[in-house]
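*Asks:* I have a structure I would like to understand better, so I am pasting it below and will then ask my questions one at a time.
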């Protein structure tokens, strides 16, 4: 499981490295009066002319490198020259490299050239500042620039005392809080802590560590006030910078410690191993300390004590070191993150997201390193212009991708888990789950593509590639977005209506509380469902097209013309529909009836507005259009008769045969299954036909509609047995051979068979 968090931890680390480049501007500011008395270099009683000139140049460089100081200087010069009517205050040169406005008519090539020029100028300025810092350092080391070592020593002692008291107190309090934490964890079940219990266990640890930071900060503040203050009784700026840096850095480390909990695995919220928790905690704390204290304390202190160039040099050196460390960490963990991304691609089951994750897994480390290098170059060239835009766009992109990934994960879990209805709903509506499963995957896929499109739009908006939010505020954007949303809602409502109506029809067709639907109800409900589906699909399509701006009036007119043409060209189809309508009005047949239509007899399985589907005795299905139904014979109306016509031998006793028929019917009535459906006594019609070899006796059994075949078959079987018992013969074919003249009276007898051969050796 720890591999699943590897990409997240690298992302957090990369983002932190990027965010520290945006530390407050005061961390890089140098007061323009550094040489007036605060600088420890060049403060001898008899400075040379060259030293004074160098100090003035350094002051001017500091003012020009600082955006706010430069803006104030330009404003002061304008006011002194009587140019108060200027159009607007001069803005920071970040505007030269800021992303171009989407409404600008400038082409891409000039914008790119202007951006490249701004980056090059910023880089050249910082390189010159580094050169100045190195020259100043060499001057100090070679003795060309005099240094007030006594003042520098006092400064180092004061800062050292504050650092010792601040960090000494914090370390002691941290050791105490860790001992208390170990005792708390030892009293609990290390393997059975749930999330709420882990949170309750982490809360006291967090409060103790936060109190340690606060107490150490108070001790450091008291030492700062005791060791050295300004003439007005306040602590010096450098000591204030140290205390502020301590608060920010240690609080940031505290947050990461609460997430990783390297020393108390039982309270760890993230599912990672102890090794990985210690690994990430080690590097995160050191990177935060290195970068945080450099930007928040060391660089501003060097800018005040020596020169702004020294502060810039320290920042570049530390950022280069941090960048190198992060690149090494990325290369160390590239296989772990690649495996995690490949696993995510496999879980995506081969869609577009899976292919994207596969490609990202193969080259993610290259993209991360390139991004960090570009970010470092941009920060080095212009930390006030393009860098804030890039970091803001990065954060917005990460938020968009994170939210989109979370939504896609929920959709994937829903699709993978499948849709399952409660048992009682399945029993009442057996087809509802199948019907929903036919629509839900398509709807989920549409939502997935919609989310992916939203992520792409959000990323494009963040990087200034498009102004989707601005377009939405226009009349055109409101119209188009409203049309798309309305069309989607219409389609969704159409699907919901279809599912509701189809489920209601299924519910009505389901036998409930001992009451089964009649054949007429089945027929009309199925016809209603089919007609409603056609009408709903047509209206839904027309309304959706109308919402997206398609003029449906010509479509309706064209549909009328096309319908007229179809009516002339497909008269049989029209005849089928009209005949079907009248058949339904007259209630000639329903589903489940046994009918004979167009010479085909069988059970009606399906009845539509234009045709009937019949399954005959052999299982063959016949689809008969109503235009061919010139006659319909229904055997399921009111009551039915089983007609039995029995032929007996010409010489048989007719009265005995009649009595046998009565006795057979009496035995049928003894069967409860058949007696319940028989409506009347045996209708024995007697002799109905005489032939040279037989006579025919007819009888009828009156039953409920469609129930005549069961009693009839049983009656015929009993009658056959009674005829055999009482010697009543049925007619049989008799063949008499009459020899002709000159012909033998019979066939010649066959010769006797030849004797078998004697055995061998006889």
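Placed from the backbone N, Cα and C atoms, the Cβ positions cover glycine too.
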*Asks:* Between 127-146, 267-286, 287-306, I'd like to know which one TrEMBL lists as transmembrane segment.
*Replies:* 287-306
*Asks:* Which range, 412-435, 484-507, 580-603, does TrEMBL list as transmembrane segment?
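*Replies:* In TrEMBL, residues 484-507 carry the label transmembrane segment.
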*Asks:* For the record in TrEMBL, which of the ranges 87-111, 387-411, 612-636, 637-661 is the transmembrane segment one?
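*Replies:* TrEMBL lists transmembrane segment for residues 387-411.
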*Asks:* Please indicate, using numbers and ranges, the residues of the same chain that are 6 or more beyond the transmembrane segment (484-507) and have a C-beta under 8 Å from a C-beta there.
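*Replies:* 428-432, 435-436, 439, 443, 525-526, 528-529, 532-533, 536-537, 539-540, 543-545, 547-548.
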